[in-house]
C-alpha cells in the first residue's frame with residue numbers, strides 16, 4: 001500500500017511543479033512593479049514619477065498579482081496536465097470542472113455575494129468591505145473557500161477522467177463525443193458530484209485546517225519553522241517536498257489586504273504585503289532557505305573538493321564549482337545534494353538539520369524575505385534587497401557567512417572522520433567488481449536477491465527500476481560495485497542508476513528470469529573481461545561538435561536530477577531549434593534505444609557519448625522520432641542521425657532539453673567551450 005501511495009505522491013508532487021513554475025515570472029512582475037513606486041527608490045530616481053513609468057509599473061504589478069489571486073485555478077489546470085501526461089484535453093476538463101464544482105457548492109449552500117462581503121463601518125464600495133473567510137468569489141462565482149486544495153482535487157479528478165475515458169468508444173450516433181471529447185463531459189458530471197460532497201465535507205475540513213494553521217502559526221511558530229525546514233529538506237530525495245510545503249505557502253495563515261480581500265498562505269501573504277507597502281509578517285517558510293542555499297551548500301562543495309584525491313581534484317573541482325554556483329545563484333540545490341546523498345547519507349543528515357536551524361534563526365531575527373523560484377541570489381535581490389528596510393535582508397549576509405563556516409567544518413570533519421566516499425574519494429577502479437557484458441545482468445539479478453525476489457522489473461535510459469519482495473535480500477553495495485552510480489531505495493522500490501546500459505540489463509534480466517538465456521561459462525567471462533580494455537584505453541583527443549541547431553546550456557540546468565547531478569557523466573544540455581540531430585564526431589553508432597529517444601556513439605579514440613533527446617521521452621514509445629542510422633553503422637561528423645518532431649515533443653514531453661554526456665570520462669579531462677548558440681559545425685566540448 002505504501003509503495004503505491006509513494007508512487008502516486010511522486011506523480012502529484014511532479015504535477016504541482018507545473019503551476020509553481022509560473023510563480024517566478026509572476027513574482028518578478030510583482031516585485032519590479034512594486035519597486036518602481038517604492039518611496040525610497042522614487043526619491044533616488046525622480047523620473048519614476050513619470051506618468052508612463054507609473055502606468056508601466058502598475059501594469060506589471062497588476063499582472064503579477066492576478067496570477068497569485070487565481071492560484072487555485074492554475075493548480076487545477078496544472079495538476080490535470082501533470083497527471084495526464086501533458087494532454088490539453090485534461091486541462092480543459094479541469095477548467096470546466098473547477099467552474100462547475102464551485103458553482104455547485106455555491107448553489108447547494110445558497111451562498112450569495114452578500115454572504116461573502118458584509119459592508120464594514122464607513123465602507124462606501126464593495127472593495128472596502130470585510131470578507132467572510134469561509135466563502136470566496138471565484139471568477140464571479142459565490143462559493144465555498146477551498147483554496148488551492150480545491151484546485152488540486154479537481155485537477156486530479158479531471159486527470160483520472162482523462163486516463164479512464166480518453167479512448168472510450170460510443171454508439172455510432174454518438175460517435176462525435178467519443179474519445180477525448182468525452183472527457184470534459186464526464187468531468188462535468190464528476191465535478192457536480194464533487195461539489196455536492198464538498199459542500200458538506202469541506203466545512204469541517206476547513207475548520208480543521210484553520211485550527212491546525214492557528215496552532216502551527218500562533219502557538220509556537222519558532223518550533224514550527226525548525227520542523228518545517230527539516231521535513232522539507234528530508235523530502236527532497238523523494239520528490240515529495242512540493243506536496244509538503246504547498247499548504248504552508250498557499251493555505252496556512254491569513255491577511256486582509258488594503259482592498260479588504262482575504263489572502264491565505266505564507267507566500268501569497270508576503271506578495272500581498274509587498275504590494276500594500278506594509279511591514280512583512282509573512283515569509284517564515286521561505287526566508288530560511290537563503291543562508292544555506294547561498295552560503296552553506298557552496299561551502300560544503302568546497303569541503304568535498306578539498307578532500308578529493310589529488311588526481312581527482314580537477315574533475316571534482318569542476319563538478320563542485322558548477323553545482324555550488326548553481327545553488328548560490330538560483331537556489332537549485334539538487335545537483336549538489338545528489339552528489340553526496342547516495343555516497344554519504346550522513347552528510348545529507350547534517351545538511352537537513354542545518355537547514356532546519358536556518359529557518360529557525362531567520363525567524364528569530366525577524367528576517368522576512370519572499371520567494372517564487374528558490375532561495376538563491378536572484379530571488380534575494382528581487383525580494384530581499386529591493387525591500388531591505390522592511391525585509392531586514394542584510395542580516396542574511398552575516399548569518400550566511402556563519403553557516404558557510406559551519407557547513408565547511410562539519411562536512412570536512414565528517415568526510416575525514418568517517419572516511420566517506422564523497423566525489424573524488426571513491427574506491428580505486430581496481431576495487432570495482434569485474435563483470436562482463438554477458439555476465440552483468442546475472443550479477444545484478446543476484447544482487448537484487450534472485451528472480452524469486454523480483455516483483456516488477458522496468459527501466460529507462462538512465463536507471464533500472466525494480467520492485468522487490470524482500471528488500472533485506474538486496475545487496476546495495478554489490479549493485480554499486482557492479483557499476484551503478486547510485487541506488488535510490490523507497491520502500492521495496494529500488495532504482496539503480498546504470499546509465500545507458502539500464503534497458504539492456506532489464507531485457508537480459510527478464511530473459512534470465514524466463515529461462516530464455518543461461519549463465520555464460522567461465523571461459524566466456526574470461527574472454528569478455530580481456531576484451532574490456534579496448535574500450536577503456538582511449539587515446540588522443542576527441543573534439544565534440546554541436547548535435548544540431550539550437551542552444552547550449554550547462555548540464556546543471558537540465559531539468560532532470562540524474563543528468564543535472566552528473567550521475568551518468570559530464571557534458572552539456574542542448575535545446576534543439578530544428579528537428580534534426582546530427583553526429584557530433586566521426587565514429588560508430590553503438591546504441592539506439594528501442595523507443596528511439598536516445599543514441600549512444602563511440603569516437604575513434606574510444607570516447608562514448610550519449611545523446612538523450614528530451615526528458616522522459618521514453619514514455620512516448622518512439623512517437624515523434626525517425627531513426628536515420630543503424631547500430632554499428634559508421635557515421636561522420638554532421639551526418640543526420642535522427643529526425644525529431646519538436647512540436648510533438650513539446651506537447652507530450654516535460655522538456656525538449658537534450659542532455660549530451662560523456663559516459664566514460666574516467667582519467668580524462670573534459671573542456672567545455674563557452675558556447676551558447678550552436679550549429680553542427682561549432683565545437684562545444686573536447687575530451688583529452
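Cβ coordinates are placed from backbone N, Cα and C, and glycine is handled just like the others.
According to Swiss-Prot, the protein carries these features:
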DOMAIN    3-427  domain 'PTS EIIC type-1'
TRANSMEM  12-32  transmembrane segment
TRANSMEM  81-101  transmembrane segment
TRANSMEM  137-157  transmembrane segment
TRANSMEM  182-202  transmembrane segment
TRANSMEM  223-243  transmembrane segment
TRANSMEM  284-304  transmembrane segment
TRANSMEM  315-335  transmembrane segment
TRANSMEM  340-360  transmembrane segment
TRANSMEM  364-384  transmembrane segment
TRANSMEM  395-415  transmembrane segment
DOMAIN    438-519  domain 'PTS EIIB type-1'
ACT_SITE  460  active site, phosphocysteine intermediate
DOMAIN    560-664  domain 'PTS EIIA type-1'
ACT_SITE  612  active site, tele-phosphohistidine intermediate
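Most Cβ pairs under 8 Å with the transmembrane segment (340-360) belong to 284-304, among the candidate stretches 81-101, 137-157, 284-304, 395-415.
Residues of the same chain lying 6 or more positions beyond the ends of the transmembrane segment (284-304) and with a Cβ under 8 Å from any Cβ of it are 217, 221, 224-225, 228-229, 245, 248-249, 266-267, 270, 316, 320-321, 323-325, 327-328, 331, 333, 336-337, 339-340, 347, 351, 354-355, 358-363, 367-371, 374-377, 379-380, 384, 396, 399-409, 411-412, 415, 422-424. Highlighted: of the candidate stretches 81-101, 315-335, 395-415, 315-335 has the greatest count of Cβ pairs under 8 Å to the transmembrane segment (364-384).
Helix first, then strand, then coil: DSSP counts for the domain 'PTS EIIB type-1' (438-519) stand at 36 helix, 19 strand, 27 coil.
Summarised by DSSP class, the composition of the domain 'PTS EIIA type-1' (560-664) is 15 helix, 44 strand, 46 coil.
Note on the domain 'PTS EIIC type-1' (3-427): mean pLDDT across this stretch is 83.
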